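The transmembrane segment annotation in TrEMBL covers 20-40, 216-234, 254-281, 293-316, 322-345, 749-768. The region 'Disordered' annotation in TrEMBL covers 722-743.
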Amino acid sequence: MRPYLAIVKDSFREAFASRVLWIVLIIITLFLFAVSPLTYRQTLTTGVREDEIAWTDFIDQLRQADEGKARRGVQRIWSLLSTAGQKAVADYQPLPSSPQLKDFAQHAEYTKPIMRDLESILQKDDLYQSTAFSTANLRLEGKELLRRESELTSEERQRLNRLLFESAFGDAIDESKSTSLQLRFGWFDMLPPLPISKPLLVTTVRRLLPFLVDKGLLAIGLLVAIVVTAPAIPHTFETGSLHLLLSKPVSRSLLYVSKFIGSCAFVLLCATYLFIGLYVLLGLRWAVWEPRLLWCIPIYTFVFAVYYSVAALAGLIWRNVIVSILVAILFWALCFTVGFSKVTIEASMNKYRVRKIVPAGQDLLVIDGTNTPLAWNATEKRWNVVFLSKELRDAQPILSVVAALPPIQGPVYDPKEDRLVAVMMSINNGQQTVVTASAKDNFTFRDGPAAPQPTLAFLNEPDGQPLLFTGQGLFRPQGDLSTKKDELTVLGYKIPFTTRGPLRDAGPSPAQSWDEPFSATFGPDGTLYTFSRGKLQSYAKGDSGKYVPKESEKFEKPGQRRGWLAASKNTLLVAFRDGSLQLRDPQTLKLRTTVTPAKDERPRALASSPDGKWLAVVAESRRLFVLEDGKDDFQLARAGGQGDISAVQFAPEGKMFVVDLVDRVTVYETGTWKQTARFAPPLHLQTIFYHYLIHPIYTICPKPGEFYRTITYLLLEKAEDKGTEDGEEPREPQGDAPPRKVENPWQPVYSSLAFMLVMLALGCVYMERQEF
């Protein structure tokens, strides 16, 4: 090993001799000195910002002061305004409801002289007059300052003026925090004081560190490191250098690897100096002592090694420094382009992925991510847009590209009436109505009665009868829903009737306080289960056809306030946003066991077979798991497309429908899992491009651009859950939102390490076989 260690040392001697190391260390030192004056100081909140003033109310009070009708404090402020300021108050015009750029410019002309006067007034030492300002509305902080008025410093007096200003104008002025933070560069203040607390600033700095390190230091530092170390390999092949090295009893491969390690050690030394310096500066100047920042030293060196493995191989083959640098830059461009293309195409594909499957007798309908209903055309072997009103059909080509159609509850198939029933929103007036369509007329949209609000879900009862779930209760659509009989319209809005008309009350009794988030399912015996606001409830159908509450269970943990349901004969499946799946007794709702088929993955779709024999779960990784009734262990389903599945649905006669490849639907026989049918339209061009070009290249290439995940994980301890309890998850298990990407923070390290080893192996093979 001694000869190879000597080669590594020679790399440093060469760097010292060429002054490269000294130059890099000086650049790092200059950078640290350049950012070291950047700090902050805590100050009292003084003055007033334009966005802290409710201008309409503020101007009204000043105008009343001009007439002698305002409070004395307001009159005191009015008396101190300049002539220009008072004229601006008289001329002031509020912003219109839909302001344009010229309106903002005009508004600024009105407020500019007023703000200039207020800045001067709030700095006065004699603003306070006991006859003008009442202490009744003054905050406790202001009363304490008044108590020692004669001892106040200049800053404290300006703070008192701000508090007097707030007490005089009331709600027209935002209440200010006691202290603000002033960013400073050396002895100079930067920007106006920020109305945030010191703990919030420290938290913000910590959260910004991954971005600043990854997009700033790593991006710029890697380019510098590649340029500085690129000559190492080509210089090895200069006349005399290589022959001198090969004259010694050393392995050619280990010689090449030693040179590579020498360059990496050089960068490791520079990275250590840089990040230790940043660690000390953050601690001394910002009071953010963040030891996890030192994790960036090995990460930075490793990312450099990945890029340098390509530059070193290019330098070995062409023996030219410029070519080595250009190849490294082209490699970075390739990784960036492929990564960006993958993210962009995936976002587009996810938008059009089928999220819900609706078997409708002999026909099949699906709902994609843009909320567009599609029916299978067996003749043309493609999906056709159906079941949309004229205005939605006209707007669908545009809305599906730039956003999405309004959400749909349903549709569900009504076998008795041989029709589809759903709740859709009109884009004309925003009202939700119960609509129908039938295969007999190519699923043409037929408008119906107004839906009780809010609509929460649309399911089939075990006998096939559609059941609408709303905040007002349960309703069964009956008869011809498109009839206008007994319909009452006010100003273009239909008035929903729950005691007569085609929507018949189905309970429950007593009424339940259902609201978002909401989930519901039926057991094969007809028992209804709902989950809303952390409460699991079962219901039985009474003799009158209305549902009556039975058992209930409350959940208080934050991660269990939202749940999704599916039921088989002997198991009630409750899936939570934290990824845990609870198997409960369907009669008592008591917990039987907790399972996790896919660790750290939330469920994105749940389904249960009508015969009560099977449960299915689609995880965020788009893998499908099934559970046979009576068992407690989920198994990976024997279905094609694992890793690309977006929806699952059971149907009578032992069928299971599975969606993969965006919009391909495959039918399997439950139990045997044999494929019985497939609805496969021609692949879209972007799907072909993604699966046969982008994804293979992305799989082969390293992912240095994704080291942001690793850095975030190391600096913030773990990746944060961006979901919330109240607004970012789909309302139904089928899901209206794309699956959250399951990300392993160490995956970029694994893939990049494998790529780097391959590059080094190629270099070693070339070194052994080439005649020098």
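Here, residue 1 is simply the first one shown, and the rest follow in order.
Glycine is no exception: its Cβ is also placed from the backbone N, Cα and C atoms.
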Among 20-40, 216-234, 254-281, 749-768, stretch most in contact with the transmembrane segment (322-345) (C-beta, under 8 angstroms): 216-234
Intrachain neighbours beyond the transmembrane segment (20-40), with Cβ under 8 angstroms and 6 or more residues off its ends: 12, 181-186, 201, 224, 228, 266, 269-270, 273-274, 277-278, 281, 285-286
Outside the transmembrane segment (293-316), six or more residues from its ends: residues with CB under 8 Å to it: 209, 213, 217-218, 221-222, 225-226, 229-230, 232-234, 237, 256, 259-260, 263-264, 267-268, 271-272, 275-276, 278-279, 282, 323-325, 327-328, 331-332, 702, 704, 707, 710-711, 714-715, 749, 752-753, 755-756, 759-760, 762-763, 766-767
Chain residues outside the transmembrane segment (749-768) and at least six past its termini with a C-beta under 8 angstroms from it: 252-253, 255-257, 260, 302-303, 305-306, 309-310, 312-313, 316-317, 700-704, 707, 710
